[in-house]
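Okay, so here's the structure we're looking at.
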Amino acid sequence: MNVLATTRSNIANAKLGGLEEDLGLTPVQYRWCLSIIYVGIILFEIPSTIILRKWKASIWISMMAIAWGGVTMCMAATTNFAGLFVCRLFMGFFEAAFAVGGLLAFGIFEISSDRLNTWQWLFIIEGIPPMLLAVIALWCLPRRPADAKFLSDEERKLQIERFTKDQGSIDFGQKYSWDDTKQLFKDWKPYLFSYMMIIFIATGTGFSLTLPSIVHGMGTWSPAVSQALVIPPNLCACILTVAVGYSSDRFLDRSLHAVIFSLLTVAGLFMLMFLPEDQLGARYFAVCLTSSTSNAAGSVAMSWIPGSFGTFTRRAVALAMTGSIGHLGGVIGPQFYYDGPRYFHGYTIAVCLVISNIIVTLLMRFLLWRENGKRDNMTLEEKQHIIEKYDLKESGDDRHPDFRFVL
């Protein structure tokens, strides 16, 4: 997935390699090429989830990865806005099934060639790894823990126990339930989670796709040096996301972690808005702070979703729904950053959205806390009524009176 994320964002690196000038793109056309990939994700995420349930994961994921890599390489042959726009749309279709990007771009930008531009080499070279990994996934990706040949018997048993604890059952043959789907759309949780994901993706994607241009506009260095300077913010984001994920699991908390790091994102954005241009070190620190904290907050919020829904159908549909709707943020986010090199308006919009998301996150925490309290105080008769009303067979179902939400 990191390889796929790299190819998704390589257009931001390609901009510094002369993509806009060579294809004659206007700033508006370039921003729409950033956004259109998320339209493909929105349209194809739910169908891809259904297909993945019917097919072996190794086959479907491998097919999508090969197609993804092929389309990425085709972007090197585009000569105008229409060609690039269509390629990015199809990349979104195939993705539906962040630290190495700058490092690769830095190395590729040192390639000297009379036949191809540096941005064309970028698309070709970064299109190869997904295709190679697809072949590996075809043979190595198991359908379920019991089929994982690379695990010992004891490790397979442990994985099955973890699935059972997490989902309430280990029946991989569970059938899709239309009744569960209908009931889910009457639930308020997926709608609040969807709003949260729209904002997290809008702010995170908008900033990350503009990051090479933000860094390039901070000094007078070459495009290659700008690519190298993108590496530390992305590396910080990678390290912090892992650390925050560990802390979130350690303390069984999602909302407060998301709120704290969202507040730090706001602090980083304010620094970028108001620090003078001559304070280069402080502004670069703000770039690292904003990049790392926005990714960490979004990742924690994303991990909050699957644990808030039980049964195969409710969890799968909730993830597909919040993911599909949430990727509207990917369409919106890149449109904020139109006033470079300082991007004051873009940062202002991002600050307002992050603050609104903090409010919604705290609201979600309060509502789930209240629901846990109601279940703590239920009588046996009330619990039995709920179980019979929804025909609940597993305590892992989030509607079950014994289920408790992680806050």
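Cβ coordinates are placed from backbone N, Cα and C, and glycine is handled just like the others.
Quick look at what TrEMBL annotates:
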TRANSMEM  32-51  transmembrane segment
TRANSMEM  57-77  transmembrane segment
TRANSMEM  89-109  transmembrane segment
TRANSMEM  121-141  transmembrane segment
TRANSMEM  192-215  transmembrane segment
TRANSMEM  227-246  transmembrane segment
TRANSMEM  258-276  transmembrane segment
TRANSMEM  282-305  transmembrane segment
TRANSMEM  317-338  transmembrane segment
TRANSMEM  344-368  transmembrane segment
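Across the candidate stretches 32-51, 57-77, 344-368, the maximum count of CB pairs under 8 A to the transmembrane segment (192-215) is reached by 344-368. Below 8 angstroms of C-beta separation, residues 188-189, 192-193, 195-196, 199-200, 202-203, 206-207, 210, 255-256, 258-259, 262-263, 265-266, 269-270, 272-273, 294, 301, 308, 336-338, 405, 407 of the same chain, each at least six residues beyond the ends of the transmembrane segment (344-368), sit close to that stretch. Below 8 angstroms of C-beta separation, residues 27-28, 31, 34-39, 41-42, 45-46, 49, 180-181, 184, 189-190, 193-194, 196-207, 209-210, 213-214, 305-306, 308-309, 345-346, 349-350 of the same chain, each at least six residues beyond the ends of the transmembrane segment (317-338), sit close to that stretch.
A Cβ distance under 8 Å defines the sequence-distant neighbours of the transmembrane segment (32-51), meaning residues of its chain 6+ beyond its ends; these are 8, 11-12, 25, 60, 64, 81, 84-85, 88-97, 201, 205, 209, 316, 319-321, 323-325, 327-335.
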